[in-house]
Structure formats: structure tokens, C-alpha cells
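A quick write-up on the structure given underneath.
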Amino acid sequence: MTAILERRESESLWGRFCNWITSTENRLYIGWFGVLMIPTLLTATSVFIIAFIAAPPVDIDGIREPVSGSLLYGNNIISGAIIPTSAAIGLHFYPIWEAASVDEWLYNGGPYELIVLHFLLGVACYMGREWELSFRLGMRPWIAVAYSAPVAAATAVFLIYPIGQGSFSDGMPLGISGTFNFMIVFQAEHNILMHPFHMLGVAGVFGGSLFSAMHGSLVTSSLIRETTENESANEGYRFGQEEETYNIVAAHGYFGRLIFQYASFNNSRSLHFFLAAWPVVGIWFTALGISTMAFNLNGFNFNQSVVDSQGRVINTWADIINRANLGMEVMHERNAHNFPLDLAAVEVPSTNG
């Protein structure tokens, strides 16, 4: 009898836990995805802060030339970064217990792999948590779909690209100048500026900014007046009010006359879907582009594509970009190899004798 009561009590305790986890009455929704999200993101954040402040230099290229990234080793907020895991480790799973000592783990850049893998798992769970909360509230799932764009972008630069290149040392450093270095080297090795998927991403980001500014300014300019001249226009809105707070007909008429009639949305729902879809699709394409360039399917190459009747090259902007790419390539990892891959790939002329 006692055993039965104890089992029922433990079941009710588990039931209470399940109800608490999935309750939409909590100030912050946890959810089953949150059970995994919270520890992974806390781990990634904690290790990032500690490593950014105090991690020793890391042998990123695997040639016994460690690179400093932390504040206590001479960096500032701009130059500091979590240095990627050493090329000597490659794509191996490198937890602390795989190293002979903590010093060796730090020297080989173990914190980078720990942070990145926990972070990617955490943001994926955050996306799942968005879907889970939407489901509990009877909402449509598009919030999680929109968040999939930055999740895809982060996965591309932190996981897919290192897999394609064969080493976590090729992943994006976790810092400001490290991000810029990653971008410059990526351009040098993959000509990303000439990749159509990157172009779509640029159109998505800049276009999304433009459309957001246009929408916000149109709405703000066509508010229905509810206040006097001496009050803020924002005081004319009450949270949860049923009536429209701005005149969509006026906004539609203004923009239709500014550009042309069919450039202006007359349906608020389709307008807001467009505002969400444009940048999301653009960033999806950029993430896909990074993932293809990870396996060296690079941007377009129009170098020396224009010649005169004598066969002499007439330089175009593509050739100027190529010259810049070569310059960037010979300067990065300058002690790791004698020649950049593009220059070393030329066949040696055969000799007679």
C-alpha cells in the first residue's frame, strides 16, 4: 500500500512538473525546448565571457604560433575574440576530457568548439520554443519560420563552413575584428561578392531595412489624431483597442501617388507577410550560399574575360576584384603556407634534358 502511494505521489510530482514546463501562465514560457535551451545557452554565454576575458593564446593554424584573443592578453573590445579551435584538431570532437590537460585544451582552442556547439544547439531550441509557444496559444507558426533565417546563417558560418573546409579553425572567430577577418578571407578564397546568393542576401537585408523604414514612417505619418497639439501622438493609443490606430487608406493613397498605384499594398495582412518574408528569404539564400562555398563552389569568375582583337586583356572590375583577392590571400595565414592556393596551383613548365 505504501509503495502504491509513493508511486502515485511521484507521478503527480512529474505531472506538476510537466504542467509547469508547458504552462503559458508563467512570466517566461519554458517549454520542452526550453529545458534544453536554458542550460546550453547559459553554458555558451558563461564560457564566452570567461574566455573573452582570460583565455590564453590559441595555436589556431596548428604551427605553434599562438594568437592572443582575450582582454587579459593585450586585446580590447574591438580586437578581442574567442580564437577558433586549432587546425591540429581539425573536425575532431574536442571536449575537455579528450585533452591531456586543461592547459593543452586551452592552447588548442577548446573553448571555441564548446561555445559554438552549445550556442547552435541553444538557438535551435529557441526556435523550437517559439514554435511550441505559438502552438500552445493557437497561433500560426511563422515566428519560428522567420527566426530560422538567422539560425541558418549562424549554422552556416559556425558549423557547415568548417565541415566543408575540414577544420573548426576555419570557422568565424567570436569577436568584432575576428568577424571582419573572416569576411575578408572568405572573399579572398571564395569570391563571395560575386556569388548570386550573397547578392540576394544583400537585397534582403538592405531591402528589409528600406521596407521597414517605409512602413514605419507611413504609419507614423497617417496616425488617426486622438490627442491635442500639446500631447504626444503616442498617448492616443491604448493597448488592446479595437479601432485602427492609423488610416491605411490614407497611407495607401499617399504611396500609390508617390510611386504608382500597384506599388502600394491595400491589404494589411499581405503587407506584413511581405515585410517578414523579404529579409528572411534573402538571409536563407545567403546561408545557402555560405554552405555551398564551404565545399568550394565559389562565386562567379569573370577574370580576364574581355580581350581585344589582338588577344590582350582589357581589365574590368572583375579583374580589380581578383587582384584584391590575391592580395588578401597572400597576407592571411602568411606563416602557414608559402603560396596561396591560387598561385601554387599553376603547373610547373616541363623542361627538356
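If you go along the chain as it appears here, the first residue is 1 and each next one adds 1.
Glycine is treated like the rest: Cβ placed from N, Cα and C.
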Range annotated as transmembrane segment in Swiss-Prot, from 175-196, 197-218: 197-218
The annotated transmembrane segment range in Swiss-Prot, which must be one of 86-101, 118-133: 118-133
Transmembrane segment range according to Swiss-Prot, out of 29-46, 245-262, 317-334: 29-46
When distances run from the Cα of HIS190 (site 'Stabilizes free radical intermediate') to each of the binding-site residues TYR126, HIS215, SER264, PHE265, the nearest one: TYR126
Largest tally of Cβ atoms lying within 10 Å of a Cβ, found at which of the binding-site residues HIS118, HIS198: HIS198
Neighbours of HIS215, SER264, PHE265 excl. site residues, C-beta within 8 Å of centre, quinone: MET214, LEU218, ALA251, HIS252, PHE255, LEU271
For the recorded positions HIS190, HIS215, the one whose C-beta sees the most other C-beta atoms within 10 angstroms: HIS190
For quinone: widest Cα to Cα gap among HIS215, SER264, PHE265 in Å: 11
Rounded Cα-Cα span from HIS118 (chlorophyll a ChlzD1 binding site) to TYR126 (pheophytin a binding site), Å: 12
Count of other CB atoms lying within 10 Å of the CB belonging to TYR161 (site 'Tyrosine radical intermediate'): 22
